[in-house]
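**Q** Straight out of TrEMBL:
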type     : residues : note
DOMAIN   : 51-284   : domain 'CWH43-like N-terminal'
REGION   : 310-329  : region 'Disordered'
TRANSMEM : 51-78    : transmembrane segment
TRANSMEM : 98-120   : transmembrane segment
TRANSMEM : 141-161  : transmembrane segment
TRANSMEM : 167-190  : transmembrane segment
TRANSMEM : 211-231  : transmembrane segment
TRANSMEM : 256-279  : transmembrane segment
Amino acid sequence: MEKEERLDKFECNGLLDRTRTEPDTLPESTERSEPPGIMSILCLVALKRRLWLLPILTSSWLFSSFWISYGIAVGYNHTEADFPYISHTAIEAPERCVFGQLVNIGAVMLAMNVILRYLYLKRYFLCKQVTVTDRCFKVNLAGLVLGFASAFGLSMVANFQTEVQRIPHYIGAFFAFGIGTVYCWIQTTLSYKVRCLMTGDKLSDQKFRKMALVILQFINSVVMTVLLVLFSTSKAIYKVQSTKGLGSKWDTLREIYLTSTVSEWLLAFSILTFTLTFAPNFKNVRMHDPHIHLEEEYEKKHSISRHDDISANNNSNGAIPYGTADNAV
């Protein structure tokens, strides 16, 4: 049992191309010379073997960002306290500046989770000897693309205020919420595939324990979908009725307005809680420090051994070595 659990542990070095069964250090002649890729640069180097903290930090950061912006907007009396849309807490300065900065950082952190999740699943499928042509790899790649789109949409929401640039803001909201929900369903499906590969034909109670994370992701995805439909429908109804002059958010349209705003906040938080479900798998992943490699020709041209050869040739021709001119005098 213990041996089987170890199969799920990997190290994150560029494309996660080495398992822990290999030595941590290789001889210079056999060490891979490829650059580690963008992953080693994007991952928080300080985490290294604590990459499970990344989803927690990401969710906490974005959660705090929303409430900080809300607190500033309410404090300056720029929006109502109960209960505005998330975007309405970032229309005026200074809250829109704070919101934009914090959420942009959060979007980058969210993208880190997306690529780390992709690389983890890719390596796990290879470890289980799933054929490269299997649909799992294509679905995993599709999840990577949709995850990046969702993170990019979140950045658009932060940078384009709804009252100033309405169309880009709504496009960003569609990417962040709509495509983000699809991404979560894809990850739920892939998690189910991973758990099936782990458990095989074992006892049902053991399968249930292994499936606990998948069940949690499934429930979260269902709730997220319901909130997305509720938010989209209630917001559309509110916009149409307010445009027709049938009321405002302070009187007859108060209930539909609050339904729309509250469902948006809950939808955002449900996406953050789904991100937290990545943490258990990330406990089995680690990374190395980022490093670079010089081009072979450039390295040969500027290597110490080449300068030593040049100095030796100069000495044989009677040239005075650099740094010994004063002594020669």
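Even glycines carry a Cβ here, placed using N, Cα and C.
As the structure is a computational prediction, the values presented were derived from the model and not from experiment.
Please situate the listed features within the shown structure.
**A** Only residues 6 or more beyond the boundaries of the transmembrane segment (98-120), in the same chain, are considered here, and those with a CB under 8 A from a CB of the stretch are 10, 12, 15-16, 38-39, 42-44, 51, 54-55, 57-58, 61-62, 64-65, 68-69, 72, 89-90, 140-141, 143-144, 147-148, 150-152, 154-155, 157-159, 183, 187, 275, 278, 281-282, 284-285.
Among residues of the same chain six or more beyond the transmembrane segment (141-161), those with a C-beta under 8 A of the stretch's C-beta atoms are 87, 90-91, 96, 99-100, 102-104, 106-108, 110-111, 113-115, 117-118, 168-169, 171-177, 179-180, 182-183, 186-187, 190.
Within the same chain, residues 177-178, 181, 184-185, 187-188, 191-192, 195, 199, 259-260, 263-264, 266-267, 270-271, 273-274, 277, 280 sit at least 6 positions outside the transmembrane segment (211-231) and bring their C-beta atoms closer than 8 Å to a C-beta of that stretch.
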